[in-house]
Amino acid sequence: MPVYITSNQAVWLLFIFLTSSAIVNLPAPLISFAGGGAWISLMAGALAGMPLLFLLLWLNRRYPGKSLIQCGQEALGLPVTMALGAAYLYYQLHIGAAVILDVAMFMRSSMMRNTESYWFIFPLFAVAAITVRTGIDKFAGLFPLLMGSVVAFTVVVAFFSTSNFDFAHMLPIIPSGIRPIIHGSIFTFGLPFAEMSLFGMLLPFIGNPDKKLGRKMSVAIAGSTICLMLSTIVALLVFGPVAGDRKYSLYEVARTVEITDVFQRIEALMAYCVIAAAFMKATIILFVAHQTCIHLLGRKEDTMLIYPLAFLMAVLSYTALHEGEAHWVYLLTTTHMVWGIVCGVGPVLLIAAVAAVRKRKKASGSQEEPEAQTSPS
């Protein structure tokens, strides 16, 4: 029996997917690229991501009830779709491994330095796999509560850090011209807005889509952008230009909070946010990867591949550490955006373009038939 979610739950999942892990991990590299204009880069990246959302919604209306892989089979045929689907799946595995790897690196560098990374990676993927097995309707109802706590704790940290704000750190906004802003915009488009391409596998699970679904999802993107902008601005106000050198900026902000001798060391709240956010995003990615696999392989809706996929992501995440943390950070800040554009956005653009051409040809052909029938013999 197919399982469906409501339009509002889908909107929440989009907000959670875009905001969850990025709210802690995004500010530092973005500030290192764009400096005081990092918040401008975020707005530009979000605006660049809007057309991707509209393309996904258009494909969902063009092929009702079909995933992106099924849309590709209709528009491009099976061989081309298999090639695109392999790249699409590779991108999903990469994101899933990266999300949990960030947790392992955070815990080892900040709180539990003597604990091996696999104690974080494998249990988190195991919990994510168990959650995926329960069904999308279950975690779509749970995650808004978890995300609410993540946002609430982030607001608490930002509020108590106001005594450390220095608004002079916001100036100058564009000290080195427009090129750093463009660099930051490309980075933010690749992380997290290009990752919206994964929702091509989630939209078919919306039962009776709301007519205002597009507007609601646009609001979700706007809300996510505002949250990311606020976290970036808070890091800038506290640390200034050196915020780009502070990994996990909000965690570092939380370490500066000290109110009397009783209320301090609230960085544990941000540690909770990092773990909870990564769990939610990894669960969504694992669900999408499972749907991609079963549609590429032509299997029915079963759960046989969930645990193997989770194990594969865990192995990829753990083995990535052998190259060193610096190498992984380099990949994340340079090539991740390329993977997102080529393997994530690329298939959506190609499928939508071919579907639009076929629709136009079909419409023109249907108009020529009545004209041929009414023309004199």
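Cβ coordinates are placed from backbone N, Cα and C, and glycine is handled just like the others.
Small disclaimer: the values here were computed from a predicted structure and weren't measured.
The following features are taken from TrEMBL:
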type	residues	note
TRANSMEM	38-59	transmembrane segment
TRANSMEM	80-106	transmembrane segment
TRANSMEM	118-136	transmembrane segment
TRANSMEM	143-161	transmembrane segment
TRANSMEM	181-206	transmembrane segment
TRANSMEM	218-239	transmembrane segment
TRANSMEM	269-292	transmembrane segment
TRANSMEM	304-321	transmembrane segment
TRANSMEM	336-357	transmembrane segment
Select the range from 80-106, 269-292, 304-321 that forms the most Cβ-Cβ pairs under 8 Å with the transmembrane segment (336-357).
80-106
Cβ pairs under 8 Å only, please: of the recorded stretches 143-161, 181-206, 304-321, which one is richest in them relative to the transmembrane segment (118-136)?
304-321
Can you tell me which recorded stretch out of 80-106, 143-161, 304-321 has the most Cβ pairs within less than 8 Å of the transmembrane segment (218-239)?
143-161
Checking distant contacts: for the transmembrane segment (38-59), what same-chain residues at least six beyond its ends satisfy Cβ-Cβ under 8 A?
27, 30-31, 68, 71, 173-174, 181-189, 193-194, 196-197, 199-200, 203, 213-214, 217-218, 221-222, 224-225, 228-229, 232-233, 236, 345, 348-349, 351-352, 355
Most CB pairs under 8 Å with the transmembrane segment (80-106): which of 143-161, 181-206, 304-321?
304-321
